[in-house]
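Asks: I have a structure here, written as structure tokens, and I will follow up with some questions on it.
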Amino acid sequence: MKHLLSTQDLSKDEAVTVLDTAAQMAATQSREIKKLPTLRGRTVVNLFFEDSTRTRISFETAAKRLSADVINFSAKGSSVSKGESLKDTALTLHAMGADAVVVRHWASGAPHQLAYSGWLGGGDDHVAVLNAGDGTHQHPTQALLDAFTMRRHLVGRVGGAPDDGVGSDLAGVKVAIVGDVLHSRVARSNVHLLRTLGADVELVAPPTLLPVGVETWPCTTSYDLDETLARRQPDAVMMLRVQRERMSGGAGAFFPSPLEYTRRYGLDARRLAMLPSHSIVMHPGPMNRGLEISAEAADSPGSVIVEQVANGVAVRMAALYLLLAGTSAEGSVQ
Ligand code: NCD
């Protein structure tokens, strides 16, 4: 594998290799000295055309922990705001000797265009492209960190394995993904990766926030959160942010009122009590506290939301390592 653009490109073996490599990386992160020399002399560019807190900082931390040089490039304050094209930006980065480009872009497909346009070189000279979120399309490292977090909590615990589930997939794990699926690249990336790893996924959303064609996705759907929680007893509940900035026409075009949304689709203490005691509560952040998730749910003992952020560093270290340092021990991701 030369790039990480979509979870749909990952086979089960490749996905498990990324998760296992992330487990090795995570083990190094509890040491006093967290830095590894692996990517010394390599240059990673963070190219962000859309706002981000967690993902940008996480990629930057991951690259630095592997001793790479990191260049942060955000569209605001760069020549992009003077109208420079993606092509000219890419040619500039290539000329500067970037080895990997981490890209977040508002346009679905922009990372794919960067990877296969030739603007970043080709063949042995190619620059690895990592998709850090493109439009409403894909966010593969988020899905990988979510899978890593689920494996750690659910496979290790359910099977009693002492090793955080290393080597395992997510066979039989039941996941509910709830909320603004329509605008969510996190949901799209997760549905495909979780299915590849053998989990059972149900999407729960109002009909207006489910995309056309969702029936072809490898999951089930429901409009009724209470019913899904009671019937499926999910091991993990992943709440999605209501993405008001992507709602042309305003949130009012998608649901009657915030209060109504919260009443039908918000995770609160009452709904939390419907879950099995081992269930985990997830959210990719940033959260709208009081809208899709209450403070009690976000801060509950079963919430792994802060741990997701920490796991993001290990997963991004693994992705950079596998793409830039060559083959894994097993040689299945290269
Ligand atoms: C997500 C994103 O940007 O797609 N956030 C993230 O990467 N942590 C989800 C969101 O913005 O709601």
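Placement of Cβ uses the backbone N, Cα and C atoms for every residue, glycine included.
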Asks: TrEMBL has Arg54, Thr55, His139, Gln142, Gly285, Pro286 down as binding carbamoyl phosphate; which of Arg31, Arg104, Arg246 does it also list for that site?
Replies: Arg104
Asks: How many Å separate the Cα atoms of Gln142 (carbamoyl phosphate binding site) and Arg241 (L-aspartate binding site)?
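Replies: Computed Cα spacing between Gln142 (carbamoyl phosphate binding site) and Arg241 (L-aspartate binding site) is 14 Å.
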Asks: Around the recorded carbamoyl phosphate site, report the further residues of that chain (criterion: Cβ within 8 Å of the mean position of the Cβ atoms of Arg54, Thr55, Arg104, His139, Gln142, Gly285, Pro286; site residues excluded), sequence-ordered.
Replies: Ser52, Thr53, Ser58, Ala132, Gly133, Val186, Pro284
Asks: Look at the binding-site residues Arg54, Arg104, Arg185 and tell me which residue has the greatest number of other C-beta atoms within 10 angstroms of its C-beta.
Replies: Arg104
Asks: Sort out the sequence-distant neighbours of Pro286 (carbamoyl phosphate binding site) for me: same chain, 6+ apart, CB within less than 8 Å of its CB, listed by position.
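Replies: When sequence neighbours closer than 6 are ignored, Pro286 (carbamoyl phosphate binding site) has Thr53, Arg54, Arg241 within Cβ distance under 8 Å.
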Asks: Tally every other Cβ atom lying within 10 Å of the Cβ atom of His139 (carbamoyl phosphate binding site).
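Replies: Taking every protein chain into account, the count is 26.
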